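J.: To start, I am sharing the structure in question, which I have written as structure tokens.
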Amino acid sequence: MAETAFPAWAPRELVCPSCEKLLREPIIFPCGAALCKTCLPESRQRQKGITFPVLETRQKVYRCLCDKVHAVMDCGVDVIASSIMNTIHEELQRQPTSEDDGGVEGGFLAGLSKVLRPEFDCPICFELFEQPVTTPCGHTYCQPCLESITVLGEDLYCPVCRQALTLNGVPFLSRYPENHVVTRLISLLWPEELEARKEIPPAPPPRRDEIPIFALVTAIPTMKMPLRVFEPRYRLMMKRVLRGNKEFGMTTVDPKTGKESEVGTVLRIEAHRLLANGDYVIKAVGTRRFKVVERRIKDEYTMARVEPFGDMSFEEEEALEALETGNTTDDAPEAVETNLSPAKDTAPAPTPTTTIDITGSLDTTSTRDLMAFAFGRAMTHRISDLNIPNEPSKFTWWFAHKLREPKRYDFLVERSVRRRLKTCCRQFIELERTGMNPWSYRLHFALRRFPLPISTVVLIVFLCLWVS
């Protein structure tokens, strides 16, 4: 197809930064850049530096013009921009060349606005795009609309093609890139409608994410939590929860200030028993984390509007490991702020025979080796039980469940699996430096979980020393 002349009115957002021509079949990158499909850099296999998450679908990468490395699966054909640019190319082919001082250009833009207007309605709200963002599958939505359909604890799927945008609750991208092509064309073709759109007050946040809060201790995701509910206010809360979806939130209370924590865990009731005196015996399991946005009191217990609080995205986790290990040759990461359950195609789980010496070099150790070290130590000493998870994210929650406050809460608010693993390794190194044997390991963790009278502690210590 013959190349169309570059029109004077075309903004830079419509121009490919590689070939300096109007975009054709634009591919949008997580950084927001858009390139013609034919101008894409050659994809290549990751060489080193990234050991978690090890997903086969994330092993091929592009090096962007911004010098960042993006997984191929995070870069997709921009569906709406492709349709728009095809229309623009067709209209330009039909447009006669002219040296007029803008008359033809003005007529062209007016005609273009009529032809393109239906393309610029959000598939969710059916209004003109507001803060348009594009998902990895290439579909564009208003950012507020996409946030409105995100349900706490559930995986998010593209409303158009149903492609997964998260995996086990963890997003692939830290944020969806702004669609600069759509944003610029809206401001160019429909400035009045854009201003009118901004004046519409935002819809109130949905109340479906409001949950009852049980203020007690730090509950851990994936871990079981036995409870005996005897306070009248919480009896009433449990009665209502059991009639509903059987889920409630649990937060801890700061003993110094008496304030409830901002981050908590949603618990799902698996079994319950109502005693003769009205108490409830509950068996629950942690499912996911949340952050409290707003609290209110209902019948003497707390109801909270919450938002999801999950692990950092795949993109951020990969960048963090490459940054800390210094393996930036193949994956030049951007700095990340201070998590995830890989799918079936993750790397093989470490075995109890794994022996890795990482003392003194935790920060530069790969995530895979951190997991192998911690898992190997846990299996060697058989702390508390034999059911030790061999998946990194679940392992860190298993480990956190053995701790007391405030370290348990520190695990809960950490969004990086890698950082949680480093904390696990530091704990094992600390215990080994004190010369503790397997019996001492069990005692150490038991005392962290269950505070005992000093006489009982002395007796247990004596028995452990006598046995060893």
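Note: Cβ is positioned from N, Cα and C throughout, glycine not excepted.
Feature table excerpt (TrEMBL):
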DOMAIN    122-162  domain 'RING-type'
DOMAIN    201-432  domain 'Lon N-terminal'
REGION    322-361  region 'Disordered'
COMPBIAS  345-359  compositional bias 'Low complexity'
TRANSMEM  450-467  transmembrane segment
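So where do these features actually land, and what's packed around them?
T.: Outside the domain 'RING-type' (122-162), and at least 6 residues removed from its termini, the chain residues within Cβ reach (under 8 Å) are 28, 30, 73-81, 168-169, 171-173, 175-179, 182-183, 186, 190, 193-194, 197-198, 202-203, 206, 208-209, 266, 287-288, 290, 306-308.
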J.: DSSP helix, strand and coil counts for the domain 'RING-type' (122-162)?
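T.: Breakdown, helix to coil: 6 helix, 8 strand, 27 coil.
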J.: Kindly state the mean pLDDT of the domain 'RING-type' (122-162) in the predicted structure.
T.: 84
